[in-house]
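Q: Straight out of TrEMBL:
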- B:Arg21: active site (ACT_SITE)
- B:Asn39: active site (ACT_SITE)
- B:6-92: domain 'Acylphosphatase-like' (DOMAIN)
- B:201-386: domain 'YrdC-like' (DOMAIN)
Amino acid sequence: LAHGAGGKATRTLIEDVFLESFRNPLLEPLADGAVADGVAFTTDSYVVTPLFFPGGNIGDLAVNGTVNDLAMCGARPAYLSAAFILEEGFPVADLRRITGSMAEAAREAGVTIVTGDTKVVQRGKADGCYITTAGVGMVDPGVRLSASAAEPGDAIIVSGPIGDHGVTVMLARGGLDIEADLVSETAPLNGLTARLLGACGGGQVRCLRDATRGGVATVLNEVAEAARVAVVLDEEAIPVRPAVRGACELLGIDPLYVACEGRMVAVVDGRSAGAALDALRGHPLGAGAAVVGRIAEDPPGLVLLRTGFGGTRIVDVLVGDPLPRIC
Amino acid sequence: MSGHVRVDVRVEGVVQGVGFRPFVYSLATALGLAGRVGNDVEGVFVEVEGPKPQVDEFLRALERDAPPLAGIERVSVVAGRPGSAGGFTIVDSDASGHRRALVSPDGATCSDCLRELADPADRRFRYPFINCTNCGPRFTIVRDVPYDRPLTTMAGFTMCAACAAEYHDPADRRFHAQPTCCPACGPQLRLLEAGGSEPPGDPTGLGAAVLRAGEVLAVKGLGGYHLAVLAGDEAAVSALRRRKHREDKPFAVMVPDLGRAALLCELDGTAAALLTGRGRPIVLLPRAGDAPVAESVAPGNRRIGLMLPYTPLHHLLLAAVGEPIVLTSGNVSDEPIAYVDSDAFTRLAGIAAAFLTHDRPIHIRTDDSVVRPFLGRESVLRRSRGYVPEPVTLRWEAPRPILACGAELKNTFCLAKEHRAFVSHHIGDLENYETLRSFAEGIDHFARLFGIEPELVAHDLHPEYLSTKHARDMTAAEPVGVQHHHAHIASCLADNGEPGPVIGVAFDGLGYGTDGTIWGGEFLLADLVSFERIGHLAPVPMPGGAAAIRQPWRMAAAYLDEAYDRRPPERLEVARRNHTRWEDVVSIGRAGLGSPLTSSAGRLFDAVSAVLGTRDTITYEGQAAIELEQLADPAERGAYVATVSGGGPLVVSGADLVRAAAEDLLAGVAPALIAARFHNGVAEVIVRCCRAFRDSTGVTAVALSGGVFQNVLLLERAVDRLRAGGFRVLTHFRVPANDGGISLGQAAVAAARDRAGVLTGAG
Ligand SMILES: [Fe+3]
Ligand SMILES: [Mg+2]
Ligand SMILES: [Zn+2]
Ligand SMILES: [Zn+2]
């Protein structure tokens, strides 16, 4: 069960099995997508319970997720494929809702779904509906984004309040009606990234990551490790909606580890932080953007959180499902 | 010449920095013997020759009359060939060879030094850094071995002629006392105001004035900075609490002498012996009825943590103030205690009005130790200053050197080699970055001091403990995973020098189980090598995981939901007090959403504490259970009954106890009686289970471990009933029952498995 929850256990599986078999220079960085000859290429599978949740469904996720993976490579997404695995007896009406959402999401992102596939498996062999999407996009010359490019002095920006999606899905999964105004923030980020790259060109944007599985904490740990730098976050600067904070408090989870869809983390040259923030805030999806921390030299490979009392807590990668450590 | 012999003697143990060489020198010269004595990295070596009767007497007296701070572990004697007899000399230290010599713990100021401190004719009259071979700083100032001044933080102070003369005079009490100094050549005391200015005058007197004015004074002690206020000044104590962001956790109090201690607490012979012990720990004692201390010193607590002055500076300050002071760690909230001057000035500037400080650096941060009397003996609750780094002797040797990484909170680590286990000072909560650094640097420091290169690294099974991750990163050593509660029981076995098998009762807050759930109310059939889980509390959800630990009322919700089959009585106050979240919390518990299952005994105490209205949310670890214990009427003998079921492992229904408590509460029974009946019920069911295990296994010894057994009421009731039932009962004395003892247990298990040949690399 730990494998797949995000964080270290997943990475070990990826590193031990997949990288071992497929090793090549494009795969090696284990980024959201690969870029070669100005073309970005990515794929992702979508498995979510429940399939429908406040603010979206598996269809939006499957389009937005792949669009965002391309956007995080600095690409302009162009074409998508979509493959479905359906459990026998899956209601056609539900499928229509899903494909309708996909068409709508594609339209919003400005991408075309140009090819696909469908398989039906026996009842009980799948959990309703799984979707795999792949996508290609074009990368402008001069755009080179990499987690290992982060440097001391860089600013860390999140594009808006974190945790909405993960908390919404968790509450929907428990069948709990706790906060009516909680919805997933799933959205395509290519418009936002285009704005950001336009405002600060020429290597000032070091890296972009969508904070999906494992949340902002996991993404930043990857940056810290890839660039051998420290990530120092300021607890009070991290935007979290009150409803999300309340739900996290109820569930005893840390918003930093909650999955987001439609939120990204940008690492930009510290001198361009102001320009980057202005560019993001000028877009509806970046209205709540905030600088949440800095890259520092020491201690390399660690993410630290400065707390309200002036303490410094370690924000480590989770090995498995979060279990309490305190007594 | 017949009868003229020579022997080469090697003395191992705590023999450096404790006046051992001068002792040997005066012993040898008094007997008219020739030869030499010196320190090396393994301890002390002596070559002595002369008439056989005198040499024999020398060997007898060597152990019999050893200096008070010495801890001799082994004396080996080899006959040599007599050489050209001359005088007796002390030779310089030799840094080659294996590192075996033991650094001693810091020692409280001795009576000889105190006499000089108070003597206007003495050149160290009122000098706050007076010390000698029998007392003073050791562990906290040692940078490396062998223990010699250049390798301590006294290196920067060049001895004056008078000090040097004493240092080189074998007849002097300060002969080779490495930290020796005087007002002319040693560290200087200063009083700095928070703004940085240094008012003229006697720093101690100025510091006392700051306290008497109701202000907070930061005082640089042996292992770090403390924060002090007058213990009787409610306004000052509560201001300190606010500024430290420490809401309820009790503060320790330093009293000038035993006479004052007796005004604050009930003092018997054992308590007095603990207070005046060489380690000068904080001693938890029953508070006297009309103890003249402010309410916020230890809110709602029947006990006070007392200590006596242990440095000359404390003696001078307490004499100047003339009344008890709160002396608490110099930090904010749960941060580690500040010990570097610049860091202390920054971090404590918003708390303290002035700093009573000096220029002798502290090499290693060390908190005060905490003990309490139990069964007429010392029982250690936090093992740190004055105790560390004295090793715990292992009854059975470790074939290969071991590092044990400990737990996550209250962390200690342990380096073990052969028959010695060096349990570290209290490190703290590893999630704090400063603390994690202390942990990593502390391991390196201990490894260097004691010459231990670990080949085995023992660790907890919790995948998220930073200590576990540290162990997994140590690729050079073979990992040995030890289940948390097995480590607790093994720690109790090692503390008592027993191998097991034993019926282990491990009751604590939580520990990762071998089935991936959270354990904490466990009965293990265990020896040092392995264990079988033969019983446990019935698992209940912890609604919201860590949030359920911080908010005991959530455990009340989960337990009541279970106890009343989803329909708890509506009249319960705990539900009313927490009504805004009650239904949500019950729902996530039922749905298993962010609500892992636990068999924790700590959570059961939390639930009852919340049901009785004692504590809905906590501000420090264990608070709900601690306050429940305080509430209980010790005279009450009634006990609630918990169902025991199951055949594989026995399963104890904690919900039965919660329901009984709730029923009594609704019936109007006094909470003090309910709390007592609950404690008695837990003790009762422990005994009932142990009887069943004795019947099925034939094992008659019971080991009690885990943080829950720091509850004196429960511990006493359980020990009494078990003994009455014919069991032999093992409890903790030298290491804490809580997670501070985990590292010793891990080391003991790793050593035992290595001896048993069950590890991969075993020969
Ligand atoms: Fe424990
Ligand atoms: Mg992806
Ligand atoms: Zn002395
Ligand atoms: Zn001097």
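Just so it is clear, glycine is given a Cβ too, placed from its N, Cα and C backbone atoms.
TrEMBL annotations: computationally assigned, not manually curated.
Thinking about packing and proximity, how do these listed features fit into the structure?
A: For B:Arg21 (active site), the Cβ neighbour count at a 10 Å cut-off comes to 24, with all displayed protein chains included.
The domain 'YrdC-like' (B:201-386) scores a mean pLDDT of 95 in the predicted structure.
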Q: What number of additional C-beta atoms lies within 10 angstroms of the C-beta atom of B:Asn39 (active site)?
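A: Other Cβ atoms found within 10 Å: 25.
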Q: To the nearest whole angstrom, state the Cα distance for the pair B:Arg21 (active site) and B:Asn39 (active site).
A: 8
Q: What kind of secondary structure is B:Arg21 (active site) part of, going by DSSP in three states?
A: helix
Q: So, by DSSP, how many helix, strand and coil residues make up the domain 'Acylphosphatase-like' (B:6-92)?
A: 24 helix, 38 strand, 25 coil
